[in-house]
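Enquirer: I'd like to ask some things about the structure below.
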Amino acid sequence: MSTQSGIVAEQALLHSLNENLSADGIVIIIAKISPDSTSVHQTQVARSFEELVQLASQEREPLYIFYKPEGLDKYFFVSFIPDGSPVRSRMLYASTKNTLARQVGSNSLSTEQPLITDAQDLVDLKNFDSARPAGQNKPLTHDEEMQIEINKQQALLRKNTSVKLVSQDSASPLSLTFRVNSEKPINEILDSEGKNLIIFQIDPSNETIQIVQSDTCPSVDELYIDLPGPSYTIFRQGDSSFFIYSCPSGSKVKDRMIYASNKNGFINYLKNDQKIAFSKVVEIGDFVELDKSLLMATNKEDSLDHGSNPDLPNKSNLKFNKPKGPLRKRRT
């Protein structure tokens, strides 16, 4: 799964950062992702922490903050992720941060990049100055840095969300960060209404997992999923239930991240809260990649609920799109 959003900094922001690098006194440059999610633009240049706190207190969306202390020619690159900010925005900012840092350049940034969630805590940035020692850790690769950043955001989500799918006193990464929105218990739809096919999609605008289709599918051969974007599907065949995670080619990066980070939590919700035991968990790209033989009734030895862990993907079930080679020009 890609961990980059494709969003880049506007030239005006990069020019401002470069120009203010040699300025006297402290400089605080505030930036955010544009409403159309295509670029990062500068919103304000603050000259005091009081001004910074006032501006940040009015924001519900995350911010990027570049703080240059007096007497230092480097910025501290701060991620401000306010409590209560939308999940989609948090993930988008996490996946854009490293791209933005590369554009600004390592020569202009300190090795310390604080993550702050409360506007009042921004005043603590005054403790970051030229006297602070540089980090002694071995430099991380880009993928390692990106994964750490995403893990930070997911940890924040688990801390702030009221929905838990595992033990309430456990810090398990298998927690659900979205609320499941269903008028009836899902197991009741399967057991009482006779439906054996339920398809779910995530609505980031209100942070819920919703049922978009519930049907009776006579056989595996007639199973078909045709949705514009990722989805979770429960399919019941006889006494066996299957969970299908589909992420079609062309899905947006931010959607891929949201669905991937909530998959295990949703499976645990279905298992623990709805008492649905899955024989297999299948992950596919486009629906045409689904090997329907995987959805045949399985015996106890094959069932994931008898000795295997459904939270870990079965490698034999994973299928990926084969990259297409370049098209050759037809000779005439």
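Quick reminder: no glycine exception, Cβ is built from N, Cα and C everywhere.
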Enquirer: Of Ser130, Ser167, Ser214, Ser219, which one does Swiss-Prot label phosphoserine?
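Expert: Checked Swiss-Prot: the phosphoserine annotation sits on Ser167.
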Enquirer: Swiss-Prot tags one of Ser34, Ser172 as phosphoserine; which one?
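Expert: Matching Ser34, Ser172 against Swiss-Prot annotations yields Ser172.
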Enquirer: Calculate the per-residue pLDDT averaged over the domain 'ADF-H 2' (173-300) and state the result as an integer.
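Expert: Value for the domain 'ADF-H 2' (173-300), mean pLDDT as a whole number: 86.
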